[in-house]
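Student: This is the structure I have questions about; it appears just below.
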């Protein structure tokens, strides 16, 4: 079999390889499965990428131009921009074997701060935006300290923070929405991420570009800096990381703070997306971000996966959502399929983890 | 009395509530020797080792490194002083690569601005050093330095952990039960690695339950019982059953300490 992929004319080695394989009838097929398992192990974003490509191709075949147009495809990007950004924050936390249920709430509170500081107190909108980021980072810092120093389980900490932040959001905003026209007239920078670049039918909002850039930067940081490697090590085995000299507490806190800042960014993008500042927006972002992360092949048990995978996960959900809507099916089919994908993705993760030995 | 030890502990005490894990324990490691530490379960071996490696701070007593008093507030502090420890659970991150693991916590940065401002890693240099260290220890059956550690066998993982310790340990290497989870062949390999460390002049502290291994490679044996060192014997003067008897209290410890 190796003679076909050996065009160099090295017949001796080809023959040597061939003779050894005669006796091992079962080996190739088993080692093929093993090597697939190994490849997935090293590149966990591979499966979501394949599913994404297949689903785009599938819907493209069925729906033709209606789906396979620059407009529809970029519409998907616009629809997933916010979930994609929040999923990046969620990825960081889940990589450390945690979970952040407060991401959606932090996003909304940050957007409300950006809006209210501008309109209630007359802050320059740029300063108000910085305040929004500060509040997002602070929420992350509180969660981070509770998880890393007080050693409470992340699920409980962020379940509490979710309620606290969301309630603060409603109390502080007095449940009032700032209208899109007012923002456009007085503080257009708040809607910055709603602006777009158009070419042909394609519409790329700045929010979409921000999402892509964010994922690229985080990917780079996670793979090429000591901080990134430490995030993985802490999620893999915190005790081992500590013994190896990683400052586990600092790493954990930094992850929650960066997560909070990313949520604040999502809050700013949210204003661009919906135009107004609404304390009731983004109710499902929490669950949607976790869905994207899980479908994206990031292990809930920590230490495995990539931000790229989370982006693919968000896109898969977006592709199914738009594709099925264009086909005129009941939207419940989308949820049903996403449910199947989630369970399938976790089952696959368990399988990949068994690659050892 | 004034003999100089590489690593020495005097009167270490560590209490956990009402349990006294270390009861005025002493410890001495000479230059270039393999010192085995044996003791029954619960004798306080692990606590002793954790005190020496900075993973735990003793309540009382002092630790001297080459004659100077030291206080290790963290494993990193001990490590910076040149004491490397291979823990029983190896302290490796299974999903990360061999090179990542070898440099965990002390990564090599890119020179210049890229490394300083962007904290960018010099992966090439890290891979290179990792490969060299593994081949020095005869471990280059591991082909791919970027391979995740969890795809390695138990012995290979132990090899990576020992290589990491050897690469950075400038004064002392401490090994906690390095052969406990290994088969015969792999144990052999690890014992050879330990002898290799001694040949390089590094003193080794070996904690083990495996008497044949201890008697094969140790120069001296520190016997720990009820939170303190009750004997320091030379394996040439005593049999394995003597050591076990002293360790379990069935035999009185010899009065003269091994020279």
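FYI, residue positions are counted from 1 along the chain as it appears here.
Placement of Cβ uses the backbone N, Cα and C atoms for every residue, glycine included.
So TrEMBL lists the following for this protein:
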type	residues	note
TRANSMEM	A:45-64	transmembrane segment
TRANSMEM	A:71-95	transmembrane segment
TRANSMEM	A:101-120	transmembrane segment
TRANSMEM	A:127-149	transmembrane segment
TRANSMEM	A:199-222	transmembrane segment
TRANSMEM	A:253-272	transmembrane segment
TRANSMEM	A:284-301	transmembrane segment
TRANSMEM	A:307-326	transmembrane segment
TRANSMEM	A:333-352	transmembrane segment
Student: With the transmembrane segment (A:199-222) as the reference, find which of A:45-64, A:71-95, A:253-272, A:284-301, A:307-326 contributes the most Cβ pairs under 8 Å.
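Tutor: Comparing A:45-64, A:71-95, A:253-272, A:284-301, A:307-326: A:71-95 has the most Cβ pairs near the transmembrane segment (A:199-222).
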Student: Within this structure, do the transmembrane segment (A:45-64) and the transmembrane segment (A:307-326) have 3 or more Cβ pairs under 8 angstroms, counting pairs 6 or more apart in sequence?
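Tutor: Per Cβ check, the transmembrane segment (A:307-326) touches the transmembrane segment (A:45-64).
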Student: Rank A:45-64, A:127-149, A:284-301 by Cβ pairs under 8 Å to the transmembrane segment (A:333-352) and hand me the top one.
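Tutor: Most Cβ pairs under 8 Å with the transmembrane segment (A:333-352) come from A:284-301.
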Student: Count the CB pairs under 8 A between the transmembrane segment (A:127-149) and each of A:71-95, A:101-120, A:253-272, A:284-301, then give me the winner.
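Tutor: Answer, by Cβ pair count: A:253-272.
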Student: Go through A:45-64, A:71-95, A:101-120 and flag the stretch with the largest number of C-beta pairs under 8 Å relative to the transmembrane segment (A:284-301).
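Tutor: Out of the listed stretches, A:71-95 contacts the transmembrane segment (A:284-301) most.
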Student: Should the transmembrane segment (A:101-120) and the transmembrane segment (A:45-64) be scored as in contact, given a threshold of at least 3 Cβ pairs under 8 Å and pairs 6 or more apart?
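Tutor: No, these stretches are not in contact.
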Student: For the transmembrane segment (A:253-272), find every same-chain residue at least 6 residues outside the stretch whose CB is under 8 Å from a CB in it, and list them.
Tutor: 81-82, 85-86, 88-90, 92-93, 95-96, 98, 100, 103-104, 106-112, 114-115, 129, 132-133, 135-141, 143-145, 147-149, 183, 190-195, 205-207, 210-211, 214, 227, 231, 281-282, 285
